[in-house]
Amino acid sequence: MNSVNSAILDANVGWLILAIFSVIWVWLGWFWGRKARHLDDYMLAGRRVGMALGTATAMATWVTSNTTMVAPQLAFQLGIWGMLGYSLGSVGLMLFAPLARRIRQLLPFGYTSGDFIRLRYGTWTWRVFLVISLCYAIGWLISLGMAGGVLIHALTGIDYRLGMTVILTICVLYTLLGGLRAVIGTDFIQTLLIIGGVVVLAILTINKIGFDAMHESLLAERPELLNLLMPAAVMFLFNNLLFGIGEIFHSNVWWSRAFAFRKDVGFRAYLLAGIIWVPIPIVAGFIALAAPALGLNVPAADMVGPMVAAELLGFGGAVLVFIIVFSALASSLDSLLAATSDLVLQDIYRGHLNPGASDEKLRIMAKRIVIILGIITWLICLPRITTLASLLHYLGAFVASTIWPVVAGLYWRRTTATGALLAMLLGIGSGLLAYHFIGFYVAALVSAVVSMSVVLINTAMSHSWFDWEQLRQSREGSPS
Amino acid sequence: MTAGVTVLAWVVTAAVAMSAVTPLILIYLWIRDWKKEQLW
């Protein structure tokens, strides 16, 4: 990313926006967190989150900086299918809707996805799942921290390390002060900012250029972007779909929300969040198609969105893009911090190190873990590792291997611990082989297919009969 | 097979219209939850 040439906003304006939003988020974190008396209040927002906040948090968390920055890039590289393919990311949210209801029914007092795997499949499958889940969560956390620094630098010219430190510190501070309640509350406001921002940008782009001029320029200069049968784009479509489902089904970010929502809210909130997420990549991505009509020379494809916005709308457009990107980054980073710290607290600290810890001790540890995670992320982000993107592609094989053990574990009594363990291990192994010998775009697909086959064979041949009542043990030893 | 201007305009207009309604839906749900004291 050639950030020096692509900065669309003065650094002082960037600092001013960062300062204003930092004060707002941290104050809201303190405000919402001040009444948290029990661990459930801090970790799961009291398990009483309603439809409005539930829908907004599911949606905002899934709108990452990738959605706002990579959607225009994909539209610029893969055309119409790039935008539509990215929209398929919403399928994961929609498919999780029935799972969220089932999770709340089976584990009314659960805390993490690890709780379910431990109670359903036993210790060893739980440990393998924890390794997968924690590797992915920390990898995603680091990639978001780095994306924060890179994007702030690219948009304003502010030094990478300073930008990364600021966004990480803000998110750690308000998550620390308010726990999941602060994360969900700020997500609502961030959702309105993100959607309002991209809609304004899209409407102004349509008004200033128009579909006819845009289409004419695309036909003349980049006709491949209008090709409805572009093979690369169609491949991307399926890989994105499976990767998204794997990410959502295994990650504690989504499980912790299923536990936090009111009993009757999970299904409706995830379904609605998925539906209203569908058009976001199209709206955010389409403005990139205006680049040929504007005669823009785009030095780096990932900066096409901000460049078009700044060219068309001047200072106001640049400010709007910065606020959208900042909100998208914060809404995902805070969710990941909270969910990962829950996983470390419940499954590592309480599950392995101190099973008898009191409510008070766990609340103190929850805050310490948020700080430790923040520091670890900051330290790893500091050198700006450029190979991180390929690491995340690598992890596609890991997360896709968990889809079937999770789904089968929730619905089928006959799936066994051995079957789930083998499905994950063989799925990962075959996915990694496919990654090396075929390409990154099939890693998740191969892993999911192998894992599915193992789970289906195991379930068909098994004579065991799991008692769902065992899952309600998550209540036992519940700290509050 | 190339997408015509009508396809492009239709896809984008539908997406923008849907997104424009989303904040209104969320605000409506917020007010409804708040009245029922079910925000959280």
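Cβ from N, Cα, C; glycine included.
What TrEMBL lists as transmembrane segment is A:12-33 (among others). Here the transmembrane segment (A:12-33) has Cβ contacts under 8 Å with residues 42, 152, 155-158, 166-167, 170-171, 173-179, 181-182, 185-186, 189, 319, 322-323, 326-327, 330 of the same chain, all six or more residues outside its ends.
Same-chain neighbours of the transmembrane segment (A:75-97): 58-59, 62, 67, 222, 224-228, 230, 232-234, 236-237, 240-241, 244-245, 247-249, 254, 258, 266-271, 273-275, 277-282, 285-286, 288-289, 291, 298, 301, 304, counting only residues six or more beyond its ends whose CB sits under 8 Å from a CB of the stretch. Here TrEMBL flags A:75-97 (among others) as transmembrane segment.
Marked as transmembrane segment by TrEMBL: A:128-156 (among others).
Annotation source TrEMBL lists transmembrane segment at A:162-184 (among others).
Per TrEMBL, the feature transmembrane segment maps to A:191-209 (among others).
Taken from TrEMBL, the feature transmembrane segment applies to A:229-249 (among others).
Annotation comment: TrEMBL describes A:270-292 (among others) as transmembrane segment.
The feature transmembrane segment is assigned by TrEMBL to A:312-333 (among others).
Feature annotation from TrEMBL assigns transmembrane segment to A:369-385 (among others).
Per TrEMBL, transmembrane segment is recorded for A:391-412 (among others).
Here TrEMBL flags A:419-438 (among others) as transmembrane segment.
Under 8 Å from some Cβ of the transmembrane segment (A:444-466) lie the Cβ atoms of residues 120, 238-239, 242-243, 246, 396-405, 408, 412-416, 418-420, 422-424, 426-428, 430-431, 433-434, 438, all in the same chain and six or more residues away from its ends. What TrEMBL lists as transmembrane segment is A:444-466 (among others).
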Query: Which of A:191-209, A:312-333, A:369-385, A:391-412 has the most Cβ pairs closer than 8 Å to the transmembrane segment (A:270-292)?
result: A:191-209
Statement: Contact set of the transmembrane segment (A:419-438) with the rest of its chain, CB cutoff 8 A exclusive, min separation 6+ beyond the ends, reads 117, 120-121, 124-125, 128-129, 132, 393-394, 396-398, 400-402, 404-405, 408-409, 444-448, 450-452, 454-455, 457-459, 462
Task: Take a look at A:128-156, A:191-209, A:312-333, A:369-385, A:391-412 and tell me which one has the most Cβ pairs under 8 Å to the transmembrane segment (A:162-184).
output: A:128-156
Statement: Across A:128-156, A:312-333, A:369-385, A:391-412, the most C-beta pairs under 8 Å with the transmembrane segment (A:191-209) come from A:312-333
- prompt: Which one, A:128-156, A:312-333, A:391-412, has the most C-beta pairs under 8 Å toward the transmembrane segment (A:369-385)?
  reply: A:128-156
